[in-house]
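Data block below; observations after.
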Amino acid sequence: MKIKTRFAPSPTGYLHVGGARTALYSWLFARHHGGEFVLRIEDTDLERSTPEAIEAIMDGMNWLNLEWDEGPYFQTKRFDRYNAVIDEMLEAGTAYKCYCSKERLDQLREEQMAKGEKPRYDGRCRHSHEHHADDEPCVVRFANPQDGSVIFDDQIRGPIEFSNQELDDLIIRRTDGSPTYNFCVVVDDWDMEITHVIRGEDHINNTPRQINILKALNAPVPMYAHVSMINGDDGKKLSKRHGAVSVMQYRDDGYLPEALLNYLVRLGWSNGDQEIFTREEMINLFSLGAVSKSSSAFNTDKLLWLNHHYINTLAPEYVATHLQWHIEQENIDTRNGPQLAELVKLLGERCKTLKEMAQSCRYFYEDFSEFDADAAKKHLRPVARQPLEVVRDKLSAITDWSAENVHHAIQSTAEELEVGMGKVGMPLRVAVTGAGQSPALDVTVHAIGKTRSIERINKALGFIAERESQQ
C-alpha cells in the first residue's frame, strides 16, 4: 500500500505553529514510508477565507521547505463533485432532504437543553413522506446509522469508540446548495486516496461522522492519528499573548526554518534524549507510535537555543541566504563591507537570531554619525589619545591586511606603551564600531577594512580633542 497523507488548512488566517507541526508530522510520515504528501486548501468558509491567508499558508510551507507532491487542491473548485456525490446518496437513501425551519430547530434545541439532553436533530424529515415543491428551500442531511457504534484505532491514542446514538444526522448540503466541511473532507480523502489522516485532537469528534459517511459510500476508511494541542509555558492554550504564533512571524523575528522544524518535531515526539535532528534524521526516525498523547508546552527559550545552535553549525553561506532578507529590512547596503557569510562567522556566537544580527552589523558597512554616549564617555577620554594614535600608525603601516596582522598591531601597541591590552582595545573598539561591544577586535577591524578603520580612529581622536578643549 502506498502511504498518502495530507495537510488541509483552512485559509482563515496565517499558518500557526500548531498547523505547522501537523503539516510536519504528516510530511515526515509520508517521507519515512516513501509515500506522498498532499496540500489541500479547505476554503468552504467563503466569508472567512481570504487570498491573503492562502498566500500566508503557502509562504509558511515554502519557508519551512515542506514540499508537497500533489496540490494545492481547493475545495471551492470541487463543488460539482461534492454535489454529485450528495445526489447519489439521496438516490441511495443514505441522505435525505430536511425542510425544518430555523424556528423549529431553535425551539427543538431549547426544549432538549431544558431537559438536560444533548441538542441534536430529532430525525423528523428522515421519516417524513410529505410532498414538497422542487424549489422549496431545504438542507440535505446524512442518514447516520441509528444503532451500533463507531470504533477506530487512533494511531496515537489507541482505540476510540462513539455510540451512533450520540451522533446527529449532520447537514451535508446547506440551503444555498453549498456542501459542508465534514462532507467535503470525506470526499476529498476518498478521491485523493488518503491512507493516513494526521490532525489535531480537536477533530476527534468529527472522525466518527466522517467514518460513517465513508462507509455509506463504500469507500476505504483511512487510519486516523490525532495530535495533542500545544500550550503556552503557563499550561494554557497557545495564543498571541505567548509570543509569535505565526510561522512567518518567526521568520520575521530572525529564526531559521531548521530551528523551528527541529523545535516543532520535539513538541510531542521524541527519540530518546536526542534534541538536535537534521531533516534526514527526522525522516528516518519519525513514527506515530512515538508521538505523545499529552499536550506540549511551548518554550521560546528552547527555540532560541536551537536557533543559536543552527546559526553556528549550518554552512555560513546558507545562513547568509536567510540573513539577506533581514539585512534588506534594515536597509543596509552591503556592497562596501564583508560578505554576508563572513558576517555570519563574525556575529554568530553573539547573536541568537538573524534579526539581532542584522540590527547589530551596520557599522561593518556604513559610517556612523556619532559614538554611543556611554561607551564614548568611558573609553574615548584624553588618556586614550596616545594608544589610538600609535595603533593607527601601526595599522596604516600594514601592507598585508589580515586579522593576524591587525592583532599584532594592537598587541605591539600595548607592549610599546607598557599598558594592558584593554587600554588599547577598548578605545579602538569604540572608535571603529561606535559602540562598546563587538566580536573579537582583530577580526572586526579586519572586516571593517583598513581605510575605513583609520578614518574612524581619526574621527575618535577628533572627538577626544574636542572633549579636551571643553575641560
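Here the Cβ of each residue, glycine as well, is placed from N, Cα and C on the backbone.
The predicted model assigns the motif ''HIGH' region' (9-19) a mean pLDDT of 92. Residues annotated as motif ''HIGH' region' in Swiss-Prot: 9-19.
Feature annotation from Swiss-Prot assigns Zn(2+) binding site to Cys98, Cys100, Cys125, His127; the stated evidence is sequence analysis. For Cys98 (Zn(2+) binding site), the same-chain residues that are 6 or more apart in sequence and have a Cβ closer than 8 Å to its Cβ are Tyr121, Arg124, Cys125, Arg126, Cys138, Val139, Val140, Arg141, Asp169, Ile171.
Summarising the annotation, Swiss-Prot assigns motif ''KMSKS' region' to 237-241. Packing against the motif ''KMSKS' region' (237-241) from elsewhere in the chain are residues 17-18, 229-231, 298: each is 6 or more residues past its ends and has a CB under 8 Å from a CB in it.
The ATP binding site annotation in Swiss-Prot covers Lys240.
Here the Cβ of His127 (Zn(2+) binding site) has 8 other Cβ atoms within 10 Å, regardless of which shown protein chain they belong to. A simple way to gauge crowding: the CB of Cys100 (Zn(2+) binding site) has 16 other CB atoms within 10 angstroms, across all the protein chains here. Cβ atoms within 8 Å of the centroid of the Cβ atoms of Cys98, Cys100, Cys125, His127 (the Zn(2+) site) belong to the same-chain residues Tyr96, Lys97, Tyr99, Tyr121, Gly123, Arg124, Arg126, Ser128, Arg141, site residues excluded.
For Cys125 (Zn(2+) binding site), the number of other Cβ atoms no farther than 10 Å from its own Cβ, over all displayed protein chains, is 18.
Helix, strand and coil counts from DSSP across the motif ''KMSKS' region' (237-241) read 2 helix, 1 strand, 2 coil.
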